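Enquirer: Attaching a single structure in structure tokens format; questions to follow.
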Amino acid sequence: GCHPSVTHEFCDSIAMVTPISGFLRRLPLAWLVLATFPDSFPDRVVTSASAKKIGGPVRLAGPKKENKWRYLSKFGYDIGTGSFDFRFQLSAPKSIPEPAVIQLEVYLDEQWAEVESEPVMCDRQRYAKQVRNISIGPGANWTDWSTGTLSQSVRPHIWYFVVSDCRHTLANFTHRLKFEFHAKQANGSEFSVEMKGMLLANALFLGSFIVLMHWFIKRTLAFAKSAGYVHPVIWTLASGMITQFIAQVMHTIHLLAYKYDGDGLKACEVLSEILFMLAQVIQTSLLILIALGYTLLQSKIGELDLMIPMCFMIGVIHIMLVGFGKIKDDASYKYHENEGVIGWILLVLRLGLYGWFLWAVQSSAREGGFKIANFLQQFRIAGSLYFLAFPGIFLVTQLFAPYLQHFVMTIGQMFMQTGFNLWLSSLFLTRGEYFKALDPLHWTSFGSCQATDRPEPFATS
């Protein structure tokens with residue numbers, strides 16, 4: 001991911017694709033298989049992108065001490081010898097009286113905390129594993145590429161790239177530069193090490209989601225045929241699952257594109273994160289709505305109509321958090337989408353919603369009979385697992401090395417969402433404790449059943 005102000009540009013050497021692969025790209029399934037399992041196909045069919053590509057503006061020099069030393073980007077290298085390329089260009093001013101020499105500095109993850117804790121910016125250079133002099137100016141032409149390699153033999157490492165003007169070769173006012181950064185692994189992959197295996201994991205998750213959606217649609221159609229219509233609870237669950245499915249498709253497309261051009265589709269990435277958040281808001285709102293007694297104590301929303309604006313506000317807050325998170329997408333401290341302050345805010349929000357859920361379950365249990373209390377006891381346990389899943393995954397992720405955190409966070413959320421979707425689908429589309437506890441008025445609302453009859457639409461056959 002990149003900072004929203006970043007301008008992505010293609011490498012001069014782009015992936016060469018034969019007519020065969022051009023045809024395959026018109027076949028989504030074939031493209032998915034080809035992209036996920038590239039080793040199964042001849043090298044001449046398709047080649048990977050040149051490298052991960054990031055570009056953007058950076059302010060350097062001037063009276064502000066933080067402009068003497070500026071973080072640019074980071075990249076996680078797997079075991080072996082990976083490579084990187086940097087170049088710079090004057091943006092404002094367009095020219096300087098004479099060439100200046102700035103430094104490109106490279107830092108190892110094991111010492112990065114010490115680097116950031118050093119209060120004197122220019123004293124941080126003593127921790128650098130590499131320092132490269134780059135001559136810039138006097139005109140606005142791009143500098144020559146500064147190419148280097150980084151090796152690791154024991155375990156993967158994340159490397160941090162910084163530009164500095166600690167030798168004060170630029171005049172004492174703020175200069176605006178542009179930079180381009182390309183990086184790739186020893187095997188030619190453009191994925192940073194924390195993204196290793198993510199394309200395969202997302203493809204498998206998408207495949208399992210398709211199977212789940214097929215079963216869900218089949219059961220819903222059978223329900224509609226028997227009852228005459230689909231209840232709003234099922235529509236709400238369906239909207240959440242469809243939103244999540246679209247989000248997963250977009251994210252997988254982004255990873256496929258990233259694999260071949262090192263850039264990806266930023267719009268797909270951002271939209272997938274927004275939709276994924278909205279899917280979670282829909283699902284948590286549905287849990288709270290049922291906990292408040294909808295379908296259990298009353299067949300109409302009635303006084304619960306305040307839930308609609310509340311859910312809307314919660315959705316807006318989550319979308320804003322996604323936007324704020326993207327602003328710092330390539331920050332030095334960010335190793336997964338929910339890193340930093342955004343993650344802690346989401347954790348507090350989830351715990352707040354969990355508190356609301358527990359209060360609602362307890363209130364409904366007091367008002368309902370034995371069957372409702374029995375169901376709500378099981379509902380509280382399952383709902384608690386869902387509400388506490390994100391805080392648990394988020395906190396456990398902090399215990400892992402930075403290059404493993406993205407994998408742990410992503411896989412954890414995949415299992416969380418899969419389990420939750422299976423549970424809710426089973427809850428609403430099969431006959432179980434939920435239907436034994438339903439408000440009797442709901443029996444007639446599902447079809448032509450009498451209030452004392454057990455509704456056939458929920459049979460599992």
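Even glycines carry a Cβ here, placed using N, Cα and C.
Feature list, courtesy of TrEMBL:
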type: DOMAIN; residues: 209-418; note: domain 'GPR180/TMEM145 transmembrane'
type: TRANSMEM; residues: 197-217; note: transmembrane segment
type: TRANSMEM; residues: 229-254; note: transmembrane segment
type: TRANSMEM; residues: 274-297; note: transmembrane segment
type: TRANSMEM; residues: 304-321; note: transmembrane segment
type: TRANSMEM; residues: 341-361; note: transmembrane segment
type: TRANSMEM; residues: 381-401; note: transmembrane segment
type: TRANSMEM; residues: 407-429; note: transmembrane segment
Enquirer: When you check the transmembrane segment (407-429) against the transmembrane segment (341-361), do you get at least 3 Cβ pairs under 8 Å, counting only pairs 6 or more apart in sequence?
Expert: no
Enquirer: Counting CB pairs under 8 Å, which listed stretch among 197-217, 274-297, 341-361, 381-401 touches the transmembrane segment (229-254) the most?
Expert: 274-297
Enquirer: Determine which residues of the chain contact the transmembrane segment (381-401) at the Cβ level, with the cut-off under 8 Å and only residues 6 or more beyond its ends counted.
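Expert: Same-chain residues near the transmembrane segment (381-401) but 6 or more away: 155, 283-284, 287, 291, 336, 338, 343, 346-347, 350-351, 353-354, 357-358, 361, 408-409, 412-413, 416, 420, 423.
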